[in-house]
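Visitor: So that we are looking at the same thing, I have put the structure below in structure tokens.
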Amino acid sequence: MRHWRQELSAADVEAKGDRNNLVTAADAEIEALVRWYLASRRPGDAMIGEENAAALSVTEVAGGEQIAAGLCVPSAAGAAAGDQPLDWHVDPIDGTVNFVRGIEDYAFSIGVRTPDPGDLDATGPDTWLAGLVAAPELGKVFLARRGQGAWMFEGQVSDLQPVTHDSGGLSAPEVALTRLQGRNPGQRGRLVATGFGYARAQRDEQFAVLPEVMEGFDDMRRAGSAAIDLCQAAAGRVDVYYERRLGLYDYAAGALIAEEAGLHVRRPSHHHGTGDGSDLCIAAGSLEDVERIEAIHRQQRTGQP
């Protein structure tokens, strides 16, 4: 990702429906490389990416061989799932506006799940197998595997090697892994993280509930990347993260990382949402916080407590 950031020019940036909802050539190239990589190693799997980019091999992408060397999540997920087909949900750059402006809070996110025709919204936690969020400018990689905890290390994703032990099937031999367990004991104050939509009407709805939401917190953070926000909640740096109307690729990895860190997680309903707050993604150490934020949004949308 650093390669693309260094080569970025104004000609590489476009808007997706809104002048602030940006996409770059890097988004498409990263996704295309991951699509090729997965197809070459797990041809029976499906990949769902934000940009719908066609596959490009390592020889068609500058720095492709070095990048592909770090894509080892398939080994971990394959160990968990055997030969059954999997669905991979990829956000090549979560936080593209940050990426374009040189703000460090952007990440590559990949989450994998077992397909479930009865769970079109992918809200069932047991179908999610593994997830990885790599934030190169922050120098952090977050990863989780179902039932084996959530982990973080200081470094780059290329430092990872597939192994068999309780860190989720991956190791970082040059750096120390830190297990994520949510809020740190004795930590003072309460922080909530959230994000806002690009459309004016959506932002107005989100702003309208903020005063009531903030009654339970001392301050708010808005990083501009749902994947990073979820990982910050998993690491205990914020107490709660919530956001409305995310894409599945936005939280595919981060939600599992938060769950494996011991947080209560609500994934949004996309196909069957009724406007009652079911489009919320929430991660919190306290179930009371989850239920309170759900109730605030339900009251706003339906008038019902």
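Any Cβ shown, glycine's included, is placed from N, Cα and C.
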Visitor: Based on TrEMBL, name the residue from ASP229, ASP239, ASP250 that is recorded for the same Mg(2+) 1 site as GLU50, ASP91, ASP94.
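Guide: Mg(2+) 1 site check in TrEMBL: besides GLU50, ASP91, ASP94, the record includes ASP250 out of ASP229, ASP239, ASP250.
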Visitor: Only counting partners 6 or more residues apart, tell me which same-chain residues put their Cβ under 8 Å from the Cβ of ASP91 (Mg(2+) 1 binding site).
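Guide: The list for ASP91 (Mg(2+) 1 binding site) reads GLY49, GLU50, PHE108, SER109, ILE110, ALA227, GLY247, TYR249, ASP250, ALA252, given in order along the sequence.
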Visitor: Would you count the other CB atoms within 10 A of the CB of ASP250 (Mg(2+) 1 binding site), including those on all shown protein chains?
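Guide: By my count, 26.
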Visitor: So, three-state DSSP: helix, strand or coil for ASP250 (Mg(2+) 1 binding site)?
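Guide: The three-state answer is helix.
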